Amino acid sequence: MADLRKRVTNNKATDVDTETENEGFNQDSDANLDLDSEDDKSLGNKVDLSNTIPSGTDKAPELLDATLSSLPPRWRNWVIRGIFTWVMIFGFALMIYAGPLALMLVVLAVQVKCFAEIINIGYAVYKIHGLPWFRSLSWYFLITSNYFFYGESLVDYFGVVDNRTEFLRALVKYHRFISFSLYIGGFVWFVLSLVKRYYMKQFSLFAWTHVALLIVVTQSYLIIRNIFQGLIWFIVPVSMIVCNDVMAYMFGFFFGRTPLIKLSPKKTWEGFIGGGFATVIFGLLISYVLCQYPFFVCPIEFNEELGRMTLDCEPSPLFRPQEYTVPASLAPLVRMVLPEKTPL
């Protein structure tokens, strides 16, 4: 009798184990049905992009690091940042001295680099699938977008030059039609590259490319339009960003005590507030200085006689000092800022 009970118990345990295995197999089968391919199984874990996408580093050149090795880490970081800050400021001044064309080329180079980094993120996430033509399509749409946007600017500012050449005249006349045809060609290329069971991922990357174009190309186009209206519209905003970054670090370095946000623990309220006030004052000063020179305030025009771009004009009233009547109640405050003999 005891042997019979033991056999029944063993049979029940075997049945339970079999049912558990079947349920696990069914769950795995159901999960596999939700996957697009066998490659998706490896995406169950989080994708580590740290080894694929390059990130910034605080490591200084070995020679400079060895020279400053006697300093404490805090002051060594201060000196290194100071050296490279002045190097970059000097380089920015050289680009301004080179003229508007050099600034436009720099903006285009930054645009291409930003677009490449954004596209590389999407490629790093989905490259395991070997999706066809993703990177080629992305760069094709970048070229098409640049042709559409910057073609309009070239037509507006250099139409005289374009009309001298038959080939350029055709590009000017049919510019929008050519742009539309290029985009439709890219869309057809994308449709032909679709692979069954990868539709969702390919459409996601297609949308990712267009969002990147919207963020990068549109902004760079507007920046270059500002440069055409006068270098001051480019120099002042960029210089204020540089000033804010530098002064926030300096105020935070000497006076920082209160952390600002957990995302960036080194930033402090003292640096944030001090950098803000310093940026406002710097913006007023640099605007006043640049308004004194036609090179910075004149729109860029193509001189047909000289065969080059010129920056000579009569500055508009926007860039010339104006007289304003100050209310009597504000006169004491204004006297604190302006010279004593300034009429109010």
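Using N, Cα and C of the backbone, Cβ positions are placed for all residues, glycine too.
Here is what TrEMBL says about this protein:
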REGION    1-54  region 'Disordered'
TRANSMEM  78-97  transmembrane segment
TRANSMEM  137-154  transmembrane segment
TRANSMEM  174-193  transmembrane segment
TRANSMEM  205-224  transmembrane segment
TRANSMEM  230-256  transmembrane segment
TRANSMEM  268-290  transmembrane segment
Closest-packing stretch to the transmembrane segment (205-224), where packing means Cβ pairs under 8 Å, from 78-97, 137-154, 174-193, 230-256, 268-290: 137-154
Other same-chain positions with a Cβ less than 8 Å from the transmembrane segment (268-290) and lying at least 6 residues past its termini are 231-232, 235-236, 239-240, 243-253, 255-260, 296-297
